[in-house]
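> This structure is in structure tokens; I'll ask about it shortly.
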Amino acid sequence: MSVSVGIVGASGFAGSEIARILSEHPHFDVQVLAAASSAGTRFGDLNPHIPALADKIIQPADIVSLSSLDLVFVALPHGKSADITSALAGGPVVIDAGADHRLTSKAAWQKFYGGPYMQAWDYAMPELIHQCEAAAIVSGKQKKAAKQREILRGSRAVAVPGCNVTAVTLAMMPAVAAGFVSAGPMIATLAVGYSGAGRSPKPHLMATNALSNIAPYSAGGKHRHIPEIVQNLQVCGASDIRVEMTPVLVPTSRGIVAVVNAAMDGVSNAQLQAAYRTAYGQERLIEFIADYPQSGPVVGTGRAQVWAGVNPDTGSLTAMAAIDNLGKGTAAAAVQAANLAFGFDEYLGIYMNGVL
């Protein structure tokens, strides 16, 4: 089965990474690469590391040509996807890697993003544990999350999670599913690679400013990914979770390491380890490891590494997750969801081996 594919925003980091994965996919055939500022450019001139698609010419996003395809990925900044996705409604399967269709709360959208609110779409995190299945998963009676996978199977409108959201959610989800953390503040600090800021040139992203520099941003409850994290953990069973999140740009091109702290009461390390081990034991893209995760082993892949432990003095939780912000954080998640939408093996085409 061959599925015709278009990528809107193909010249950006996220769109280019989607193209890289699809270039070796046995069923997805990339026919249209679209972007505004780079229209008319040979794709290989921007992405010489993707020779299979090098000779394709980037086109303006044309709704007529996109509507004739089976599948369209949209990889645009927030607020920019809606015009495309609305015009394609009722046509191809659309997977939006931007923020426009992630949030179920209009109030949260207005507070953190502003502008017109767009309807939330099916959420591209197959591993997301729903409260109704949480007890069975953390006890080992159910092998892995099923509810979100069922939502994504056959879906025609999919929203890809934010990269920081994915890291924090994966770090915390088993603890929430087990009922160890359900309310109160959760403190997340993330080391983030510069590609998460996009490909558009900005002074603070230039090598002369980025190298040998560590730069926090969007602290003090300002980061736009906060309501999405809360949304996910509420799906998992949290009642009144509050998130304090501080991302920190570090001088690397890609990768995220999230370190999350939350209060727990009377949970032993053995109980915590068992909950994480059973929650992720059958998840091929999530590895629960015995040592602190690092970004290196997962860069270039769709995998995540997770660690969790109990502070013996305070009883509090420290949970960590490492992902590639362009892999499991964006493009690999988009392709994983596309596989489910078209009935293919969920992991088809997802890179498992890193580059270290």
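Yeah, the Cβs are placed from backbone N, Cα and C, and that goes for glycine too.
Please treat TrEMBL annotations as automatic predictions, because they have not gone through curation.
Sequence annotations record features per position, and here TrEMBL assigns domain 'Semialdehyde dehydrogenase NAD-binding' to 4-135. If you look up TrEMBL, you'll see Cys163 marked as active site.
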> With DSSP as the reference, give the number of residues of the domain 'Semialdehyde dehydrogenase NAD-binding' (4-135) in helix, strand and coil.
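DSSP classes over the domain 'Semialdehyde dehydrogenase NAD-binding' (4-135) add up to 40 helix, 25 strand, 67 coil.
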> Within 10 angstroms of the C-beta of the residue listed as 'active site', what count of other C-beta atoms is obtained when all protein chains are considered?
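The answer is 29.
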> Per DSSP, Cys163 (active site) is which: helix, strand or coil?
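In the DSSP reduction, Cys163 (active site) maps to helix.
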> What mean pLDDT does the predicted model reach across the domain 'Semialdehyde dehydrogenase NAD-binding' (4-135)?
96
